[in-house]
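Beneath this line is the structure, given in structure tokens, with notes to follow.
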Amino acid sequence: MEQYVMKGGTPLIGSVNISGAKNAALAIVAAAVMSDEDVYITNLPDVNDIHVMLEAIKEIGAKVVRPDRHSAIINGSTIDNLVVDYEFIKKIRASYYLLGSLLGKYKQAEVALPGGCDIGARPMDLHTKGFKALGATVDEGYGLISAKADRLVGTHIYLDKVSVGATINIMMAAVMAEGRTSIENAAKEPHVVDVANFLNSMGAEIKGAGTDLIRINGVDHLHGTEYSVIPDQIEAGTFMYAAAATHGEITVMNVIPKHLEATTAKLLEAGCRIAEGDDLVTVSAKDIELQPTQVTTLPYPGFPTDMQPQMTVVLGLANGVSTVTESIFENRFKYVAELNRMGAKVKVESNIAIITGVDHYTGARVDAPDLRAGAALVIAGLAADGLTTVDDIKYIQRGYEDFTEKLRGVGASIEKVDDERALKKFVFQVS
Ligand code: EPZ
């Protein structure tokens, strides 16, 4: 089984190029099939989730050409199947974006019902509420969810909870509906805005993305386009927090600093120094003592839930007691038990982690329960004394392009190994 093995204790210093945003790219690939002309997407992250989504649209008949690992030319004119196979939803929940895009274009779609995952139940009730409001019949049963409509007619939709997925899925279902749709209490994440900008570049008429009221004028046709995906603010944040935890200095390049405001603000509260450029942010934690603080995850522009594990790892090394409150997902502290095996002192009560800072972590063999927790445990291993191995790295590879290469680029002693021999070789080399 593939593992990451690392030797901690070295401050990470240098700069790292940030890839395209996974959570924008997944929805953009799904939306690209809504045109019958060539859609040329660049700055795609080369991560497993994107590979799976591209496979899923090929499977239903779309043409996909890959000029290079960061781009794709998609043409939806040859789609001949509106049922997305279970294997894709099993691999990535975001395949459910094909429900919105195929329903919006063909007035019909069926995907397997995504199960829960490690961080929570993750229901789809708001997605289906939107589809039904637009006039679709939605059936759930036998592990499938199907939507069908004679006509999709614009309407007002109020989202009871702020949901990134539901906002994006309903937006796609509404862009070719008849008349006007408004989505109230919409998610404002940068990737929601990116998907709206992408659809508008195809001829959609969407206004207000990035606010809590998105207004859509249905159009009959979406034409081809060329579009570049925004940078990944969670990948950027992950490297910024690695600098903090290892008392290093890292510059994340090709970012949009505005998307990182909450992530950066918490590093400032923790005592780090921050310098911002037009498309870069430098985090320095050299010779500083990390300070405790309080964090609550919230929908954008609040502190992102996808940075919650990385925040806990940094505060676990602060000089005092901090709290991290997870308000988005009901089960996103599973990694804490693994972090405590590395010497952290974190107690979870309901949805609050109470973190008593320690002087240092100690290396251990740990397990990655999900994507962001896995990345956070790697950060802990790079800060720890001694050797750490992280198992189950398939989660991490879903969302981080060239993770070990980028970390080695800022001085980390880390390798991906796939057997005992390779593990022993790394241990020998670093001893
Ligand atoms: C997206 O998930 C991201 N995934 C998640 O990132 C991210 O954590 C999340 O948004 C929040 O920012 C992708 O974009 C592929 P939500 P999504 O709908 O859309 C509840 C990562 O690490 N809800 O905004 O599924 C839900 O249970 C992943 O990259 C309903 O109740 O998240 C949650 O409590 C992890 N009913 C809250 O809303 C619904 O119909 C927010 O979920 C939908 C959601």
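Cβ atoms here come from the backbone N, Cα and C positions, even for glycine.
It should be emphasised that the depicted structure is a prediction, and the values quoted were computed from it without experimental measurement.
Features as listed in TrEMBL:
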type	residues	note
ACT_SITE	C117	active site, proton donor
BINDING	K22, N23	phosphoenolpyruvate binding site
BINDING	R93, R122, P123, M124, D125, L126, K161, V162, S163, V164, D306, I328	UDP-N-acetyl-alpha-D-glucosamine binding site
DOMAIN	7-407	domain 'Enolpyruvate transferase'
MOD_RES	C117	2-(S-cysteinyl)pyruvic acid O-phosphothioketal
Completion exercise
Ranked by how many other Cβ atoms lie within 10 Å of their Cβ, the binding-site residues D125, D306 are led by D306
Handout entry: Per-residue Cβ crowding (10 Å cut-off), top of binding-site residues K22, R93, K161
Key = K22
Fill in the blank from the handout: Judged by other C-beta atoms within 10 Å of its C-beta, the most isolated of the binding-site residues N23, S163 is S163
Practice task
Over all pairs in R93, R122, P123, M124, D125, L126, K161, V162, S163, V164, D306, I328, the listed UDP-N-acetyl-alpha-D-glucosamine binding residues, work out the largest Cα-Cα distance in Å.
Solution key: 22
Exercise for the section: Measuring CA to CA, name the entry from the binding-site residues P123, D125, K161, S163, D306 that ends up nearest N23 (phosphoenolpyruvate binding site). Expected result: D306
Exercise for the section: Have a look around P123 (UDP-N-acetyl-alpha-D-glucosamine binding site) and count the other CB atoms within 10 A of its CB, chains all included. Expected result: 14
Problem - In three-state DSSP terms, the structure that P123 (UDP-N-acetyl-alpha-D-glucosamine binding site) belongs to - result: coil
Exercise for the section: Reduce the DSSP letter at K22 (phosphoenolpyruvate binding site) to three states and note it down. Expected result: helix
